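For reference, TrEMBL has these:
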type	residues	note
REGION	38-103	region 'Disordered'
REGION	118-145	region 'Disordered'
COILED	161-321	coiled coil
DOMAIN	321-674	domain 'Kinesin motor'
COMPBIAS	344-356	compositional bias 'Low complexity'
REGION	344-383	region 'Disordered'
BINDING	GLY421, GLN422, THR423, GLY424, SER425, GLY426, LYS427, THR428	ATP binding site
Amino acid sequence: MLTVPGFRPALVLPRSPLLEVKGNIEVKRPLVKAPSRLPLPGSRFKRGPDQMEDALEPEKKRTRGLGTAPKIATSRPRAPALTTVPQTQGQTAAPKVPKKTGPRCSTAIATVLKNQKPGPAAVPAQKPGTAAAPPMLGGKKPSKRPAWDLKGQLCDLTAELKCYRERTQTLDQENEQLRDQLREAQQQATVLGAERRTLEGELARVQAQAEQGQQELGNLSARVLELEERLGTQESLVQELQKEQLGLQEERRGLATRLEEQERRLQTSEAALSGSQAEVASLRQETVAQAALLAERGERLHGLEMERRRLHNQLQELKGNIRVFCRVRPVLPGEPTPSPGFLLFPSGPGGPSDLPTRLSLSRSDERRGTLSGAPAPPTRHDFSFDRVFPPGSGQDEVFEEIAMLVQSALDGYPVCIFAYGQTGSGKTFTMEGGPGGDPQVEGLIPRALRHLFSIAQELGGQGWTYSFVASYVEIYNETVRDLLATGTRKGQGGECEIRRAGPGSEELTVTNARYVPVSCEKEVEALLHLARQNRAVARTAQNERSSRSHSVFQLQISGEHAARGLQCGAPLSLVDLAGSERLDPGLALGPGERERLRETQAINSSLSTLGLVIMALSNKESHVPYRNSKLTYLLQNSLGGSAKMLMFVNISPLEENVSESLNSLRFASKVNQCVIGTAQANRK
């Protein structure tokens with residue numbers, strides 16, 4: 001809705017007096033348009049709100065003089081109420097004229113006039129003999145005529161009717177004028193509405209342009225700030241570049257100077273290069289000659305290595321493929337000191353400087369006597385071996401004597417070293433060493449493997465590569481047990497059996513036993529520690545912890561020379577035999593002693609088989625009883641003609657053990673007299 005400031009349209013709706021007089025006649029109320037306060041076209045279009053109010057003021061006054069317009073309700077208007085006046089004879093009741101209200105909004109009046117349907121004015125019937133009262137004009141009450149003065153009453157009514165007609169004509173003219181003004185105002189409102197919409201669109205466009213301009217202004221401001229910041233940065237950068245340019249100029253001058261110097265040096269270097277090229281050509285020729293010489297020396301070195309192995313093997317053969325060393329353990333604290341002359345170590349042909357090889361043991365027999373009744377002189381027993389170690393000999397001295405034999409295993413010769421003797425004679429100490437990890441008391445097993453690792457590393461410079469696989473088993477009562485078993489496999493030695501490695505193969509293996517690759521001393525120490533915990537020991541009359549089984553440590557050595565296509569392999573067997581004691585037939589046996597008796601019988605049986613095997617090999621017999629014992633069957637490849645064997649016979653220095661010591665020395669002497677054929681290396 002268009003609202004013009006200062007303009008308030010009003011609609012005057014006059015009511016004709018005739019409608020009040022003639023209440024039984026239906027008169028349709030004409031649509032009266034209120035005078036518009038909108039500016040008229042022409043000169044009045046430019047008037048302001050105050051001038052328009054002044055132009056419409058006379059019409060308002062005229063309307064007010066004629067009476068007030070009735071109030072327009074939004075609902076259907078009721079018919080004006082008639083005032084009933086008591087009538088007398090010759091008089092009629094005149095209805096009261098309703099008061100008219102002031103003008104309202106033209107839009108509300110148009111809506112009400114469209115929907116209003118005025119009903120007929122009801123005029124109450126007059127009683128006979130009464131006349132209507134004359135209307136009051138000018139607010140003055142007319143003089144009351146008598147009832148019989150009908151003519152006067154008629155004249156009054158005629159005059160009043162005339163007055164009402166004039167007034168009606170005036171009101172019709174004003175109403176028509178107001179309608180014209182309303183139409184003009186509506187046309188102006190339409191024009192102004194279109195113009196308003198145009199202006200509103202223009203205003204929206206201008207506002208959008210203003211917002212866009214404001215946004216562009218903000219962007220431009222930000223751009224200006226950014227450009228100013230970049231300008232400052234560029235200025236600082238330009239200053240830095242200028243400084244850098246100055247530095248580069250200085251550097252360029254320095255580089256130019258260095259370039260001149262380098263050019264001079266280059267000329268000198270080119271001259272030296274020419275001489276160096278000639279020297280390089282000479283060195284290349286010399287390198288070719290050196291390479292040929294190196295290849296020749298490599299061949300010679302290989303030949304020397306083969307010759308060394310041959311001579312080494314020949315030396316070992318000259319010493320005997322079956323050698324016997326005797327070692328006497330020292331007297332331990334708490335043991336009685338033997339009498340002087342009980343054990344003697346006579347010197348060799350070269351005097352005290354020769355290594356001892358003989359042993360003399362004295363034994364007195366109280367059962368023998370002379371004819372005079374005096375006790376018989378002690379009997380001396382002399383033994384000769386490849387080497388004898390007195391009680392003062394250390395572990396390093398013992399190993400030094402067998403180091404060359406151990407090295408033969410790297411050359412491809414099977415080697416077997418075992419310790420033999422009674423319980424408590426020092427066999428386990430000789431093979432494994434003492435407790436506590438003292439390097440001075442290390443046994444032959446850790447020393448032998450350290451020596452093999454060292455020699456294998458040296459031979460690696462000549463193109464040889466070696467691998468080592470270790471196993472450790474014990475033979476207890478003719479049952480093979482794995483000393484390296486751990487976890488649930490621990491104690492299941494009965495499941496281990498000695499079998500051929502394959503059809504047609506001469507190599508023997510123990511089923512269900514662990515074969516552990518080793519490459520350093522720590523791995524060997526861990527295996528030895530585990531084996532000590534698993535080995536079967538028991539208390540005997542000679543020793544608190546006596547080994548009641550044969551322990552066999554085997555190291556399978558495999559070597560290869562890839563450049564020459566050479567391979568070699570051989571086992572190194574280090575055996576700690578169980579203690580050898582004779583049985584006392586008069587000894588009363590309890591449950592524990594019976595178990596020891598069975599152990600002793602099994603030990604002596606296997607040791608006897610070992611002696612028979614060695615004798616059969618020495619006599620070149622067609623049948624060698626390897627299978628009579630698990631020990632000899634397992635060591636079959638280390639006892640044959642292609643093997644090198646060494647026996648340590650360990651004896652006690654005590655006089656009380658002289659009987660067992662003599663038995664051990666006699667067995668060792670028989671072995672020492674055996675001669676086995678020439679050993680052959682296992683090469684491919």
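Going from the start of the chain as shown, residues are counted 1 onward.
Cβ atoms are placed via backbone N, Cα and C, with glycine included.
TrEMBL labels come from automatic prediction, so no person has curated them.
What you are looking at is a predicted structure, and each value in this text was computed from that prediction instead of being measured.
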Which listed residue (GLN422, THR423, SER425, THR428) has most other Cβ within 10 Å, given these are binding-site residues: SER425
Other C-beta atoms that fall within 10 angstroms of the C-beta of GLY426 (ATP binding site): 21
Which of GLY421, GLY424, all binding-site residues, has a Cβ with the fewest other Cβ atoms inside 10 Å: GLY424
For LYS427 (ATP binding site), the number of other Cβ atoms found within 10 Å of its own Cβ: 27
